[in-house]
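Following: one structure in structure tokens, then a few remarks.
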Amino acid sequence: MADDFITTIDSDDEVSNYGEPSALPKIKDDELDPDFQFDLGGGRSEGLDLWGGDEVQGVKKGNEPINVDDIIERKRGKPIRAFKDRKRKRDEDATSEDDLEEDEEEEGDSNDDSDAAKSGDSEEDEMDVDMSEGDGDEEDENEIESLKREDESDEEEEEEEDDYDEEGENEVVDSDSESEEETAAEIARKDAFFSSDPTTTDPTLPSSFTAMNLSRPLLRALTSLQFTAPTPIQARAIPLALLGRDILGSAVTGSGKTAAFMVPILERLCYRDRGKGGAACRVLVLCPTRELAVQCEAVGKALAEKGGLDVRFALLVGGLSLNAQAHTLRTLPDILIATPGRLIDHLTNTPSFTLSALDVLVIDEADRMLEAGFTDELEEIIKACPRSRQTMLFSATMTDSVDELVKLSLDKPIRVFVDPKRNTARGLTQEFVRIRSDDSRSPSLLALCKRTIREKCIIFFRSKALAHQMRIVFGLFGLKAAELHGNLTQEQRLQALNDFKAGTVDYLLATDLASRGLDIKGVETVINYDMPGQLAQYTHRVGRTARAGRKGRSVSLVGEADRKMLKAAIKQAEADQVRHRIIPSEAVTAMKEKLEEFKDDIQEILKEEKEEKLLRQADMEIKKGQNMVEHEAEIFSRPARTWFQSGKEKQASKSAGKDAYVGSFPSTGKSAEKEKEKLKRGKYDGLSRRLKRRKMAIEEDAADAAAARKTEMGIRAAKKNALPKKITEPQPRLEKAGKGKDKKKGKARRVTGGKGSAFDSEGKKSHEGMRAKPAKVNLEKGKKKGGKGKGRK
């Protein structure tokens, strides 16, 4: 039976050319290009560029901040322009003048050129300042040499031969041996606490990233970011980190410590569990400042994106939205980059967020995190982390004190200290300017910025108020500057960094908030308006320039109170890195006079800014009250946020950190004068080292003898009190409370024998024998007075 297809339509016959030959175009064999190269970077060969402008995104927006530049421009009557804008305008004016004067005579041209040179800015002529120019005296010119000679004189004092007896010699030897024993004990503690570093004796350290057995996506990311060869800290730290060992890493500033811990972290996350229950927060990176945390996140994201790695980051810092961060934490990101305060806030108040699955803990700038102000928060975070984690600590001035590191529960850590004798970069030139009085400090800074240092400069100050005031001064002098300190909002802080990176502003006036970790390309000069209180802080400040093998310089204004810090800075630096800069006294005097003219303008600008802040604060209070009225139920229904400390404990911790920071600075002004008046001359002043030690030993012996006598007298007094009392003395005993008043009190009273003793000298007890007095007996005493008796009817 034939097949019957229903509802089908017969198709037309198709013409098929199958089997017929077709004419194909003839392909010519081209020769191989000898200059052809594979693009390992995927067409993206640019390096890692931080602070490009995306960091401001996601910042919690508020009211528009007060722009001080607007107030200054209204006061000056003209805008403040950056150096490159001023230079561009000057070049355009020069070219237009040349076009108009092409047909003039040579004499006129020469006259015009001379006039232009006279009327132009003196900045071009004074760009290169000779180190010997100025009216400095011989003391200023030989300042550094005199400090070096002081070290030599101290060593000579130790070797001078004085007449002393054998007893004094033995005392000196004993004191030296005690110090050696203490040093040996400390070395023994460190040997027991730390593990030996196998990379120190290994001659085959990896010279390239391919020799570290990293995954191909990560190698691709490193190549695209122009990480050609590992730095010494990376070559030693990355293999140890891949083995899961605890590390203490220390290297000079700008040596790539962030990549030293971020590369092994990403390599380990490539092999994590990707199953249904594999999502967890596995890595935590702690940073002391928000800006450093933002920078670490940028480095990690750049490596992950260029390598195509499926790794998610979460940034937990202040100034960002709490709700947005809590929503991100619900997705269980792989890497958390946080500051201690905001992390504890989420651990305490965000539901279901824990660090129980943490594998790696990294503490960047660990020496700062171990100082006062962070210790309580760090201990709380360590308690929340599992004991089996891997811990890595990194800093340019890393400490190896066992007493401080024992708080972190490290497991046989390895010290990876690259070139521990050097704390500053090789390309850094350190210049010092002597300031005879504090009144000339600000004019000297302005003279430097107007004459020599005109762009890409970071200036460090001790206080936030001083940094803000100097920004106003810079604006009045026509210098474009931005400020970076803790009184600004997070949006303002990040915007200041981006403007400085883009060249919109020439100077970044900052506190020590910006001294650690920040990597801003193009920073040519760092100026210390005043020397810091600690040598480590000075190292971090000057480390913002001369990074990654580049050249840079630091200029420090040094007063008489900073002499000790200057001596320490020169001692740790190499001789060819230290310079002495002299600013001409005429320039300083001119700036001082001009600054005196602007004194009233500065006060007016500060007053106007304060009034504007008060007005905005009043508007904010009004808006807050309206929200409380309109959304009262919703606001009070929110759970209150808690903290692991009470208000007093939190304030005490904050005050301790501030006091430690302020106390490190040398005292100046009236307080220093008072201290000098109190201690005009010490009891050891003028003595040689040997006589000083002998006198101190005699005083110690006298103190020990006095303490021994005091102890002996105490023992004798205790023995005397422990002896039983003589039999002739009345022995006290306790008697139960009787009737009357003693019964109401309910207490036992002390009495002696019932009838007293014949040897009672006070005469208060009854006497015995012939001299006993007759007792008076009241016969009516036992009768009962009126009232119903018990048996009466």
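Each residue's number is its place along the chain shown, starting with 1.
In case you wondered, yes, glycine gets a Cβ from its N, Cα and C as well.
Within the set 207-235, 323-351, 381-409, 613-641, the record from Swiss-Prot flags 207-235 under the feature motif 'Q motif'. Listed ranges 244-247, 364-367, 376-379, 428-431; the one Swiss-Prot annotates as motif 'DEAD box' is 364-367.
Neighbour counts of Cβ atoms within 10 Å were taken for the binding-site residues Ala251, Val252; the minimum is at Val252. Within 10 Å of the C-beta of Lys257 (ATP binding site) there are 25 other C-beta atoms, taking all protein chains into account. Annotation for Thr253 (ATP binding site): same-chain Cβ neighbours under 8 Å, separated by at least 6 residues, are Ala396, Thr424, Ala425, Thr539, His540, Val542, Gly543, Arg544, Arg547. Long-range C-beta contacts of Ser255 (ATP binding site), restricted to its own chain and to partners at least six residues apart, with a cutoff below 8 Å, comprise Thr231, Pro232, Ile233, Val418, Ala548. Within 8 Å of the Cβ centroid of the ATP site, not counting the listed residues Ala251, Val252, Thr253, Gly254, Ser255, Gly256, Lys257, Thr258, the chain contributes Thr231, Ile233, Ala260, Ala396, Arg547. Within the chain, the compositional bias 'Low complexity' (193-208) has long-range Cβ neighbours (under 8 A, six or more residues past its boundaries) at 228-230, 235-236, 238-240, 245, 248, 400, 402, 405-406, 410, 412-416. Residues in the compositional bias 'Low complexity' (193-208) partition by DSSP class (helix H, G, I; strand E, B; coil) as 1 helix, 1 strand, 14 coil.
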